[in-house]
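The structure appears right after this line, and notes come after that.
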Amino acid sequence: MNLSLIIFITLHLIRPSSSKIFHGDHDHQTTCLNPFLDHQNSSLQDHILKLANHVETAAWIKKIRREIHEHPELAFEEIHTSSIIRRELEKMSIRYQWPVAKTGVVARVGSGLPPFVALRADMDALPIQEMVEWEHKSKIDGKMHACGHDAHVAMLLGAAKILKQLENELQGTVLLIFQPAEEQGEGAKQMIKEGVLDKVEAIFGLHLVLSSDTGVVASRSGDFLAGCGFFRAVIHGKGGHAAIPQDSIDPILAVSATIISLQHIVSREADPLDMPVVSVTMVDGGTGLNAIPDSVSIAGTYRAVSKKSFYALAERIKEVIKTQASVYRCSATVDFEGPIVSPTVNDERIYEHVVKVSAMIVGKQNIEVAPPIMGSEDFAFYLEKIPGAFAFLGMRDEKKAIIHSPHSPYYAVHEDVLPTGSALHAAFAYTYLLKTSTSVCGS
Ligand SMILES: [Zn+2]
Ligand SMILES: [Zn+2]
């Protein structure tokens, strides 16, 4: 089988319904982003896709993903993972900074001059025992890449390879951010603290998902992923004999009423379209059948997609616990503890750019508007600092049984989609820099 035939088949296996885009068809209704995008998008897509789907590159991306998958590392322990990243960057003669935020790596491709645009991948695994039996199963007991971050790293390295081959054409500099500790909600914060976003104008991140079919790009403008917070409270009463309740102040009764009242924040106060969540997940108090305890602890989580609802929830949780405790003559202390991840809010302008560029890569028919999602992502912290957008790349494939949700011990990645992810990253950065340097239309 000759090389071009292999490439052709590979491309069509990855995106069976997107053949239109390979033949240079594009949306003539699309608003002009810049002269290049308007007139030469077919050559751009062909160029970047050919580089991403080159047989050797596609095989290399898959190999890297498998190597990382076999050696999963938890938050801020990604020493081996970052050594693989550095090894591959060195092979490509791409300069990088390390360590950033303990284990993170920040590589640079381009002119070294502004404008700067960033692409981000997360590196950490989860404390989950892999149940998938395959050749490259996790070699570390109790740890697994069950959220696809191994694939995210491989896709970003693929983008680095593509961008390196186009380096002379880049109208600025691309930062490739390999970030630790997403699952803990701390990695992005730490990277930002160490200055990775200094001078960066825009950022893009991708997450593989099972909610969309293979090769589909899904995202939305504005509120996208929920913010996530945790609370802990101690309700203090006065312990005593259960047969003489009048001599005690019963914190169990206070907690019972508090838990019910907390549910009313969502059912009676919040806008149903905001879809907030308040869940009490822990109650701890009392030791004897005939004793009223001194205090009872409760803890739980709250989520909301809009920033306004998210921060309002925290305020009301505190108020309801304290007030409800006082009704029962108790007092309460309420603490909010990390990791607290803000809602992920995509910038409208960058989102539009992502949609246009992604349509060139996967075909307009493979672009979806995602619904708001209650899951959280610490990519939100980058978006609080600079404009950017987060997007999903679908990989659901019923025939291959790639259907298990992230954080499942049966989670599997559809590896054929990896070059598409690399192409999306590379195309976003390439065209963003071009747009910034030559824009005549604005957006
Ligand atoms: Zn995850
Ligand atoms: Zn994840």
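Every residue, even glycine, has its Cβ placed from backbone N, Cα and C.
Just so you know, TrEMBL annotations are computer predictions that nobody has curated.
A quick note: this is a predicted structure, and the numbers were derived from the prediction, not measured.
If you look up TrEMBL, you'll see Cys147, His149, Glu183, His207, His407 marked as Mn(2+) binding site. Of all Cβ atoms in the shown protein chains, 24 besides its own fall within 10 Å of the Cβ of Cys147 (Mn(2+) binding site).
Summarised by DSSP class, the composition of the domain 'Peptidase M20 dimerisation' (231-326) is 45 helix, 31 strand, 20 coil. The domain 'Peptidase M20 dimerisation' annotation in TrEMBL covers 231-326.
TrEMBL lists 1-19 with the feature signal peptide.
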Cβ under 6 Å from ligand 1: which of the binding-site residues Cys147, His149, Glu183, His207 qualify?
Cys147, Glu183
By a simple count of other Cβ atoms within 10 Å, which of His149, His207, the binding-site residues in the record, is least packed?
His207
Protein Cβ atoms within 10 Å of His407 (Mn(2+) binding site), excluding its own:
13
Report, as a single number, how many Cβ atoms besides its own are within 10 Å of the Cβ of Glu183 (Mn(2+) binding site).
20
